[in-house]
Amino acid sequence: MAKIIDGKAVSKAIKDEVKQKVEELQAKGITVTLAVIQVGNNQASTVYVNNKKKACEYTGIRSLAYELPEETTQEELLALVEELNTKEDVNGILVQLPLPSHMDEDAVIRTIFPQKDVDGFHPQSVGALCIGQPGFVSCTPAGIIELLKRSDIEIAGKECVVIGRSNIVGKPMGILLLRENGTVTIAHSRTQDLKAVAKRADILVVAVGKAKMITSEYVKPGAAVIDVGMDRDENNKLCGDVDFEDVSQVAGAITPVPGGVGPMTIAMLMHNCLESVKLQGK
Ligand code: GUN
């Protein structure tokens, strides 16, 4: 049976480290501050935003909540982002996605100052990541690297297969695994013989958004399997992209859903808020 990678415990350890550093900054008169903007009331977004606020409370980071109505215009949202960009006492800015369909997400992300882009979505942050320069790293893939390191799973020299090529998870995940000297393959919906490709992996990261798609047939015995999915099964129960019951029979280590990658994303957001203070030269 696979070892279960406890994302909840690791995320708590990270949040405790952040809390300590937030206190040290507070003693120097710096209040680490995150502005969180939500437009409309997408239910899933409200849950995520509430979890982020809770993590801020836990770590002592001040959170400023901006809850804007669905009919807010793009110009109004951009004006708010620009105002927060110039505020000395705001370190991080997060615009919860998805935005309502009348808005241009890319334009909004581009407006956030890269020094305040704690989500790591700005093209400058992504570019910096690609060429190994300082900048914010997207929280989910950063959290997965941290989870692997703190679980003593070696990355250097290993076959790493990422299934999924999104800008938020798959692509930055591939770059980060490469930075750690992994041998990286990014597979996707057009990959031929996905089972054979996935089965090469010592580290398999799955971010496809399909409930329980990855069965033991995709997994090399002893592999570490990281499940980024947040899906519902046939009984409407929360599950991942990996068939946990089946895959845990062959994998060496596996993340559960919930309690695996999810809590790490928020822990890394807290970490990025601390980094924002440094990037702003404070
Ligand atoms: N929507 C889903 N995940 C995320 C995230 O990590 N950040 C933001 N801003 N929106 C999201």
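Quick reminder: no glycine exception, Cβ is built from N, Cα and C everywhere.
The following features are taken from TrEMBL:
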- 5-119: domain 'Tetrahydrofolate dehydrogenase/cyclohydrolase catalytic' (DOMAIN)
- 138-279: domain 'Tetrahydrofolate dehydrogenase/cyclohydrolase NAD(P)-binding' (DOMAIN)
- Gly164, Arg165, Ser166: NADP(+) binding site (BINDING)
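Counting residues of the domain 'Tetrahydrofolate dehydrogenase/cyclohydrolase catalytic' (5-119) by DSSP class, helix then strand then coil, yields 61 helix, 18 strand, 36 coil.
Residues within less than 8 Å, Cβ to Cβ, of Arg165 (NADP(+) binding site) and separated from it by at least 6 positions along the same chain comprise Lys171, Ile186, His188. Same-chain neighbours of the NADP(+) site beyond Gly164, Arg165, Ser166, judged by a C-beta within 8 angstroms of the site's C-beta center, are, in sequence order, Val162, Ile163, Asn167, Val169, Gly170, Lys171, Ile186, His188, Ala207, Val208. Counting every protein chain shown, the number of other Cβ atoms lying within 10 Å of the Cβ of Ser166 (NADP(+) binding site) is 16. In the predicted structure, the domain 'Tetrahydrofolate dehydrogenase/cyclohydrolase NAD(P)-binding' (138-279) carries a mean pLDDT of 98. Broken down with DSSP, the domain 'Tetrahydrofolate dehydrogenase/cyclohydrolase NAD(P)-binding' (138-279) shows 54 helix, 26 strand, 62 coil.
Taking Cβ-Cβ distances under 8 Å and a sequence gap of 6 or more within the same chain, the neighbours of Gly164 (NADP(+) binding site) are Gly170, Ile186, Ala187, His188, Val205, Val206, Ala207, Val208, Gly209, Val228.
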